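Asker: In case it helps, Swiss-Prot gives these features for our protein:
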TOPO_DOM  1-11  topological domain 'Cytoplasmic'
TRANSMEM  12-34  transmembrane segment
DOMAIN    18-145  domain 'EamA'
TRANSMEM  38-60  transmembrane segment
TOPO_DOM  61-72  topological domain 'Cytoplasmic'
TRANSMEM  73-95  transmembrane segment
TOPO_DOM  96-99  topological domain 'Periplasmic'
TRANSMEM  100-122  transmembrane segment
TOPO_DOM  123-128  topological domain 'Cytoplasmic'
TRANSMEM  129-146  transmembrane segment
TRANSMEM  150-167  transmembrane segment
TOPO_DOM  168-179  topological domain 'Cytoplasmic'
TRANSMEM  180-197  transmembrane segment
TOPO_DOM  198-211  topological domain 'Periplasmic'
TRANSMEM  212-234  transmembrane segment
TOPO_DOM  235-238  topological domain 'Cytoplasmic'
TRANSMEM  239-261  transmembrane segment
TOPO_DOM  262-270  topological domain 'Periplasmic'
TRANSMEM  271-290  transmembrane segment
TOPO_DOM  291-294  topological domain 'Cytoplasmic'
Amino acid sequence: MDAKQTRQGVLLALAAYFIWGIAPAYFKLIYYVPADEILTHRVIWSFFFMVALLSVSRQWRQVKRLLKTPKKIFLLALSAVLVGGNWLLFIWAVNNHHMLEASLGYFINPLVNILLGMIFLGERFRRMQWLAVILAVCGVLVQLWTFGSLPIIALGLAFSFAFYGLVRKKIAVEAQTGMLVETLWLLPVAAIYLFGIADSPTSHMGQNALSLNLLLMAAGVVTTIPLLCFTGAATRLRLSTLGFFQYIGPTLMFLLAVTFYGEVPGADKMVTFAFIWVALAIFVMDAIYTQRKK
């Protein structure tokens, strides 16, 4: 990868993780809307936002080319399921007072990224990277052994998003066209659920306040912009390098949870956080050292 692509990847990764870091504040504004309904709005409005974006940028030719490759279309169905599951779990966690565990999941994610990079992409581990991954695993095992609890939400978020990044990197499609097809795969299910199954005080948009409907529609922008940045970064950077930036998002989430939303980390969570933070410190120092050697 050339220097220009790398610079673009870095900027896109920074933008993606910053927006994701402050995204919980948006979902807290609509905490009274069920998580599954918010997910359907994310899918529906993201699809229409992508249609508008592709129309403005005149990139429908790329969509036509993509539609001629059935293998990529079906792989995008897999990535759609992965990202849809990740979205649902994240929304539920934030609006059910598990923002700290959500942040833990995204602290773990860069370490899962380098693990998947080694297993599926042939990327080699350096010694310090091995140490970082081992410490992260130890943190989860200590929580399980000592406190009898397992960070299910954190692990679910970490692995679903890591596999999503891996699949998108293997498909190697342009960010916007890939996002359009992913939301197109999810659109029928989302529409059937929202308009045919969901029955809550907020599920009927015609009866909602205009302010609520605008917030629900904004889910498309909140979802699409950082995801486009991420998928753009994933095609320009090594998966292990991409993991380097992900501490930005969970750090912002952690600060939001503790400072603004009154979540207090228990002893079990703090043990795991401590291991993960040490692992990330080692990972970052190793990355900086390696970069300087180059």
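Backbone N, Cα and C define each Cβ position, glycine as well.
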Asker: Is it possible to list how many residues within the topological domain 'Cytoplasmic' (235-238) are helical, extended or coil according to DSSP?
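Answerer: The breakdown for the topological domain 'Cytoplasmic' (235-238) reads 0 helix, 0 strand, 4 coil.
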Asker: Is the transmembrane segment (129-146) in contact with the transmembrane segment (100-122), using three or more Cβ pairs under 8 angstroms as the rule and ignoring pairs under 6 apart in sequence?
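Answerer: Taking Cβ pairs at least 6 residues apart, the transmembrane segment (129-146) and the transmembrane segment (100-122) are in contact, with 3 or more under 8 Å.
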Asker: Same chain, outside the transmembrane segment (271-290) by at least 6, Cβ under 8 Å from its Cβ: which residues?
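Answerer: Residues 104, 107-108, 110-111, 114, 126, 128-129, 131-133, 135-136, 138-140, 142-143, 146-147, 151, 154, 241, 243-244, 247, 265.
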Asker: Let me check one thing: do the transmembrane segment (73-95) and the transmembrane segment (38-60) come into contact, meaning three or more Cβ pairs under 8 Å with sequence separation of at least 6?
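Answerer: Yes, the stretches contact each other.
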Asker: With CB pairs under 8 Å as the measure, which of the listed stretches 12-34, 38-60, 129-146, 212-234 comes out on top against the transmembrane segment (180-197)?
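Answerer: The stretch with the most contacts is 38-60.
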